[in-house]
Amino acid sequence: MEANESQQEPRPSHDPNVDQESLQQSSDAKKKKGGWITFPFLGAAMFGLGIARGGATSNLVVYLVEKYNVPRVDAAQISSIALGCLSLAPVGGAIVADAFFGCYPVVAVSMVFSVLSLVVFTLTASFPGLRPAACQQLSAAAAGQCAPATAGQMAVLYAGVFLLCVSAGGARFNQATLGASQFDAAADRDVLFNWYFVFFNASSVVGYTAIVYLQDTVSWALGYGVSGAASFVGLVALVAGTPYYRRPPPQGSPFTALARVAVAAARKWKVNPAAASEGFGFYHGPRNSDTEGDASDSTTLDHPSDSFSFLNRAALITDGGVVAAADGSVARPWRVCTVQEVEDFKTLLRIMPLWSASIVLSVALGTQINFTVLQALAMDRALGGSFTVPASSVIIVILVSIVVAIGIFDRAVLPLCRRLTAGRRFPTPLQRIGAGHVLAIVSLAASAAVEHRRMATVHAHGEEDHPRWVSPLSAMWLVLPLVLAGAGEALYFPGGVMLYYEEFPASLKNTSTGIVAVIIALGFYLSTALVGVVRRTTAWLPNNMNASRLDNLYWLLAVLLAVNFLYYLICAKLYRYQNVGK
């Protein structure tokens, strides 16, 4: 599915004047940090944050409707905005960690914000003055009306949502980066990323079941309080592991360097990149005063790679680009960049097509989840004759299947593959993402088949004009497509995180995991846009599910995903690994 790695000749970097003994001591100190001893602390922090997020958001629509007297449509819109912010915020948190503070401080402070957010939610549930009067407490003259929440009451609630977004922004994907930075071996990082998604989805299951049960049947204050306690335990665990963590320093703003590459290449667009062989030469960074001409920049490349060669002119030394001084410092940094900065920019260009292929996957998954709930509402959800499964609870099948699939993959499939391939890394991240694509397509086809069977029962009973009629077909038929969807997600999301983390430049390690959040957010919003287009251009999705052609929507998504898979295969075939396997 992918081609071999590209190879370049390294520049020699050994300096005989460096104190080798001090370097060895520094290396030994580094080896004492990190490793699997950090995993219990980080795992507890991941699980605690996940419960906090699930406890605050899984039942937010119901909380707004029942306790804040918000109309249902408005409550759904508020919840959608909040979830969108929670999905996009990690990008900002990753950039802050990369550029200014490093990963660990950002995660630790964000965990504090998580605790504070649940404190605010618990206070709103505990003190009646922070909520509007309940509808049944109004006078008889006002029967049928509900007092709206005041601006101050909504401000307190929104403050809790804001704190939750800040905590998700700083901790959600930075936790994965912090965990990965504790390991040197790619195999260990693979296992860590697998467990990250296990903790994330397992904590979501707890939020959607146990926390929602407490909120609905015991009290909202207790449900939010338990979520806050879990978040606090996660914070304590994170801090307790501080002596054991590796804490890579921030690299400075990576986006400034990337912008400089684009500007420098544009300003020298008339310069022939081949001019390096005619006396110009490439810039490698300032020189140390105690060396004999070797650049101290992190790059070990004599010259830029041949791909995207139009960018190579950004690293060409021209008149006025570099100070004529012994250290070779830059006089005009927006006219010349280092070779490494140029190569970092190329890395992003190479990986963006693969990243874009994941957007359609996210759109399909978001649409499938939403309409599976509507399918469940129109099917027999009784279990054992005495218990009816809530329609929204069928989504738990996806979360559970993700956890089980990752567990099987990590404990059985990966060890078997390593034995069969003599320790070679198999499957690679690109192969894992591709397998997830295939399962997602099969899942959509299964959803279409189930919907076709449901509509057959509607036609057999002649109930097309009765929107409240429930098919005798068991909702358990939905389990198969949801299990397939969860298994696919267990492959392509962890595979994507592995790929981005290993292939992104060192200065963008936190951002590399954060861009997964962009995929999720785009899928969340674009699925809504896709459904809107389908409703305006077809008659497939009327308000009456018993007169719909939902199976056509599923088949449309399956075809789109199949075309997208071909696009992904082309991108994967053309892609050359830069770091995976090294």
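Note: Cβ is positioned from N, Cα and C throughout, glycine not excepted.
As recorded in TrEMBL, the features of this protein are as follows:
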- 1-10: compositional bias 'Polar residues' (COMPBIAS)
- 1-31: region 'Disordered' (REGION)
- 36-56: transmembrane segment (TRANSMEM)
- 76-96: transmembrane segment (TRANSMEM)
- 103-123: transmembrane segment (TRANSMEM)
- 155-173: transmembrane segment (TRANSMEM)
- 193-214: transmembrane segment (TRANSMEM)
- 220-240: transmembrane segment (TRANSMEM)
- 354-377: transmembrane segment (TRANSMEM)
- 389-409: transmembrane segment (TRANSMEM)
- 430-450: transmembrane segment (TRANSMEM)
- 475-501: transmembrane segment (TRANSMEM)
- 513-533: transmembrane segment (TRANSMEM)
- 553-575: transmembrane segment (TRANSMEM)
If one takes Cβ-Cβ under 8 Å and requires six or more residues beyond its ends, the residues near the transmembrane segment (430-450) are 1-2, 354, 358, 361, 364-365, 368, 371-372, 375, 477-478, 480-482, 484-485, 487-496, 498-499, 551, 554-555, 557-558, 561-562, 564-565, 568-569, 572, 575
Answer key: the stretch among 155-173, 389-409, 475-501, 513-533, 553-575 with most Cβ pairs under 8 A to the transmembrane segment (193-214) is 389-409
Grab the same-chain neighbours of the transmembrane segment (220-240) for me: Cβ-Cβ under 8 Å, and only residues 6 or more beyond its ends, written as numbers and ranges.
40-42, 44-49, 51-52, 54-56, 59, 63, 67, 107-108, 111-112, 114-115, 118-119, 121-122, 125-126, 207, 211-212, 214
Determine which recorded stretch among 103-123, 354-377, 513-533 has the most C-beta pairs below 8 angstroms with the transmembrane segment (76-96).
513-533
Quick one: do the transmembrane segment (354-377) and the transmembrane segment (513-533) reach 3+ CB pairs under 8 Å, ignoring pairs fewer than 6 apart in sequence?
yes
Most Cβ pairs under 8 Å to the transmembrane segment (475-501), of 36-56, 155-173, 389-409, 513-533, goes to 389-409
Cβ under 8 Å, sequence separation of at least 6 from the ends of the transmembrane segment (513-533): give me the contacting residues as numbers and ranges.
80, 83-84, 87-91, 93-95, 172-174, 176-177, 180, 355, 358-359, 361-367, 370, 493, 496-497, 500-501, 541, 553
Six or more residues beyond either end and a Cβ under 8 Å away: which residues meet both conditions relative to the transmembrane segment (36-56)?
86, 107, 111, 114-115, 117-118, 121, 160-161, 164, 167-168, 171-172, 175, 178-179, 182, 188, 192, 195-196, 199-200, 202-204, 206-208, 211, 215, 223-224, 226-228, 230-235, 237-238, 240-241, 244-245
